[in-house]
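Visitor: These came from TrEMBL, pasted as-is:
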type	residues	note
BINDING	E144, N194	S-adenosyl-L-methionine binding site
BINDING	N194, P195, P196, Y197	substrate binding site
DOMAIN	10-76	domain 'Release factor glutamine methyltransferase N-terminal'
DOMAIN	110-198	domain 'Methyltransferase small'
Amino acid sequence: MKRQPLRLAILEAQRVLTAAGVASPRTDVELLAAHLLGVERTKLMMVPLVDPPTVEALHELVRRRAAHVPLQHLTGEATLGGVTLSVGPGAFVPRPETELLLAWGLATLEGVDAPVVVDLCTGTGALALAVSNARPDASVHAVEKDPEALAWARHNADRRSRAGETPVELRLGDVADPTLLRELDGTVDLVVCNPPYVPAGTPVPVEVRDHDPPEAVFAGRDGLDVLRHVVGCAARLLEPGGGVAIEHDDTHGGSVPVLLRSGRVFTAIEEHTDLASRPRFATARRAVD
Ligand SMILES: C[S@@+](CC[C@H](N)C(=O)[O-])C[C@H]1O[C@@H](n2cnc3c(N)ncnc32)[C@H](O)[C@@H]1O
């Protein structure tokens, strides 16, 4: 069988994804080819020729991507901080937007020995595992309401602890439950949370509409149904001076800081933008009583 130039297969696949309206066709094709060939994306040029079965397999992945199956469902992986997570149907795919929230959280832990950290709405375990990876001395607790998402988190957590990382404590739970993690009340150094926050009825990309669980994305008419409980839960869990970071919709740049201010429990309330300069997460410190 005659081998073909990979460059040409990539160009053809890029045309298919462009015609299908996929947002970043070149990046996606290269990531799919790299996944298929088991090489890093930056090393693709070292694979000049590929055999027909490989070209066929690439076409199949591209056909599914053109049907707006998320790239990460096709590769089976997403990354946050220093961790690679298994992802797939039934759980939210971690997004690059969350990297800056993670960085803020890790910065607040500098100088704190053996910190206690809580990740509310953990999904695949992304924030919890990224914090634990960066801070092996931390006790990290993670909460998720959806058993299917929690199964992904357990899979990811088990894999990392088998590889020698500090285990994280996972539990099925609802941030609206006033007894959630009660044993940690007033002892937590950092609460991180990327909750569902899209206002109901907001149009979202096909990848989100058809492949992320709706309860991981939407949260009531104003998008704040879950986030309101997160603010209350963080106020209860944090020790004085402890930090909280909550991701939110780009329409919430005003409302989430107002929510944080309303209970008079938080201080140093700040709003932050994402890499595209859109309002994306709010942070605060638990006031000293
Ligand atoms: C936007 S996803 C984020 C997942 C993960 N934190 C990340 O950044 O990839 C929100 C997650 O919150 C979970 N969730 C929704 N409502 C919840 C609640 N009331 N209590 C706990 N988890 C909840 C969803 O099932 C989903 O996994």
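From the backbone N, Cα and C atoms, a Cβ is placed for every residue, glycine too.
The structure displayed is predicted, hence computed values, not measured ones.
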Visitor: Specify all same-chain residues, apart from the site residues N194, P195, P196, Y197, whose Cβ lies within 8 angstroms of the center of the Cβ atoms of the substrate site, ordered by sequence.
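Guide: The answer, listed by sequence position, is C121, C193, A216, V217, A219, V226, L227, E247, H248.
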Visitor: Far apart in sequence but close in space: which same-chain residues, 6 or more away, have a Cβ under 8 Å from Y197 (substrate binding site)?
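Guide: Within the chain, Y197 (substrate binding site) has Cβ neighbours under 8 Å at A219, G223, L224, V226, L227, E247, H248, D249, H252.
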Visitor: Cα distance, P195 (substrate binding site) to E144 (S-adenosyl-L-methionine binding site), nearest Å?
Guide: 10
Visitor: Counting by DSSP, what is the helix, strand and coil composition of the domain 'Methyltransferase small' (110-198)?
Guide: 28 helix, 22 strand, 39 coil
Visitor: For a quick check of packing: other C-beta atoms within 10 Å of the C-beta of P196 (substrate binding site), how many?
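Guide: A count of 22.
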Visitor: What are the sequence-distant neighbours of P195 (substrate binding site), meaning same chain, six or more residues apart, C-beta distance under 8 angstroms?
Guide: L120, C121, V175, A219, V226, L227, V230, I246, E247
Visitor: Summarise the domain 'Release factor glutamine methyltransferase N-terminal' (10-76) as counts of helix, strand and coil residues per DSSP.
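Guide: Counting residues by DSSP class gives 49 helix, 2 strand, 16 coil.
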Visitor: Given a separation of at least six residues and a C-beta threshold under 8 Å, show me what packs close to N194 (S-adenosyl-L-methionine binding site) in the same chain.
Guide: T98, L101, C121, G123, A126, L127, I246, E247
